[in-house]
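If you check TrEMBL, you get these features:
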| type | residues | note |
| --- | --- | --- |
| ACT_SITE | CYS74 | active site |
| ACT_SITE | CYS74 | active site, proton donor |
| ACT_SITE | CYS230 | active site, proton acceptor |
| BINDING | ASN12, GLN45, ASN65, GLY75, ASN76, ASN170, ASN203, GLU221, ARG222, GLY231, SER232 | substrate binding site |
| SITE | TYR281 | site 'Important for dimerization' |
Amino acid sequence: MINFTKMHGLGNDFVVIDAINQNISLSSEQIRFMSDRHFGIGFDQLLLVEAATDDQVDFTYRIFNADGSEVAQCGNGARCFARFVRDKHLCDKEEIRVSTNSGILILCFEDDGMITVNMGIPKHKPAEIPILAAEESKFYSVDMVEERRQVDNFSHHVSQRAFGAVSMGNPHAVMQVHDIKTAYVLSIGAQLENHSVFPERANIGFMQVIDQQHIKLRVYERGAGETLACGSGACAAVVIGIEQHLLASDVLVELPGGSLKIHWSGRGQPVFMTGPATSIYDGSITL
Ligand SMILES: N[C@@H](CCC[C@H](N)C(=O)O)C(=O)O
């Protein structure tokens with residue numbers, strides 16, 4: 001039997017498991033079963049709280065997508081991780097350091113109950129993202145097929161799509177759209193997530209710029225599909241928007257599940273993300 005807590009960050013939902021006081025070893029098949037919203041518990045990501053492996057950090061933070069793949073970054077999950085270790089009395093520090101497969105994250109409790117995460121320094125070189133491109137660019141482009149429906153008729157249009165790309169510890173592509181409500185998030189998102197230009201697949205953001213300090217964003221996540229919010233996606237959109245001279249250094253990112261505040265002061269600097277983390281219920285499951 002595994003004890004878990006169901007949590008969410010702006011509707012990006014998680015099963016969080018204490019793997020310090022429980023002996024946990026999950027196959028990707030078991031993770032896929034638990035992520036199923038009809039036959040299992042349902043979640044976008046499963047988060048494991050593990051013991052620190054050195055004295056630089058307080059914990060190890062592991063992340064699995066709903067499709068069972070292990071990944072290296074999850075921003076909304078990081079805020080839930082902080083709330084979980086505090087609620088379960090595993091740590092009472094105001095600032096928590098966790099190691100992930102992509103480096104160290106620093107999680108800080110704010111006076112108003114929000115949590116700020118130092119998400120690390122974004123990486124821009126093609127090999128670091130990774131994206132198959134000869135050189136770094138603010139705009140990459142690939143051919144995409146768009147399916148349009150008119151009454152009973154489907155037509156297919158091939159068009160070039162331009163996007164920015166960055167690693168926030170995980171790979172992101174972000175394209176600007178006129179209106180996120182009408183953007184082809186599911187079809188373009190699924191195609192670009194799995195496009196051969198991304199050897200490790202990618203998370204795909206659709207960004208509508210309202211003004212220099214405000215964007216609307218929908219994210220089609222690698223290994224999970226469209227989610228109500230994506231923390232690393234919000235950071236990636238702001239970094240790419242700043243690189244493309246569209247945004248200022250403090251941006252409110254409005255996602256379908258709510259808003260995040262993102263701050264980035266430019267190349268070589270870490271990105272800071274502030275937002276809520278909510279516990280829904282404790283449960284247990286026998287696999
Ligand atoms: N929801 C996350 C990102 C989770 C991982 C992502 N799907 C990936 O495969 O890299 C967030 O809030 O950052």
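Yeah, the Cβs are placed from backbone N, Cα and C, and that goes for glycine too.
Note that the coordinates shown come from a computational prediction; the quantities given were computed from them, not determined experimentally.
A map of TrEMBL features onto the structure.
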| residue | record | DSSP (3 states) |
| --- | --- | --- |
| ASN12 | substrate binding site | strand |
| ASN65 | substrate binding site | strand |
| CYS74 | active site | coil |
| ASN203 | substrate binding site | strand |
| ARG222 | substrate binding site | coil |
| CYS230 | active site, proton acceptor | coil |
| TYR281 | site 'Important for dimerization' | strand |
Listed recorded positions adjacent to ligand 1, that is, members of ASN65, CYS74, ASN203, CYS230, TYR281 whose C-beta is under 6 A away: ASN65, CYS74, ASN203, CYS230
From recorded positions ASN65, ASN203, SER232, TYR281, the one whose Cα lies nearest the residue listed as 'active site': SER232
Cβ-Cβ distance under 8 Å to TYR281 (site 'Important for dimerization'), same chain, at least six residues away: THR5, LYS6
Set of same-chain residues at least 6 away whose C-beta sits under 8 angstroms from ASN76 (substrate binding site): HIS8, GLY9, LEU10, ASN12, PHE14, ALA229, CYS230, GLY231, GLY275, ALA277
Neighbours of ASN12, GLN45, ASN65, GLY75, ASN76, ASN170, ASN203, GLU221, ARG222, GLY231, SER232 excl. site residues, C-beta within 8 Å of centre, substrate: ASP44, ILE63, VAL71, GLN73, CYS74, GLY77, VAL219, ALA224, THR227, CYS230, GLY233
Candidate with sparsest Cβ neighbourhood (10 Å radius) among CYS74, CYS230, the listed active-site residues: CYS74
Pairwise Cα distance maximum in Å, substrate-binding residues per record: ASN12, GLN45, ASN65, GLY75, ASN76, ASN170, ASN203, GLU221, ARG222, GLY231, SER232: 17
Same-chain residues at least 6 apart in sequence whose Cβ lies under 8 Å from ARG222 (substrate binding site): ASN65, SER69, VAL71, ASN170, PRO171, GLU193, ARG201, ALA202, ASN203
Among ASN12, ASN65, ASN203, SER232, which are binding-site residues, the residue with the most C-beta atoms within 10 angstroms of its C-beta: SER232
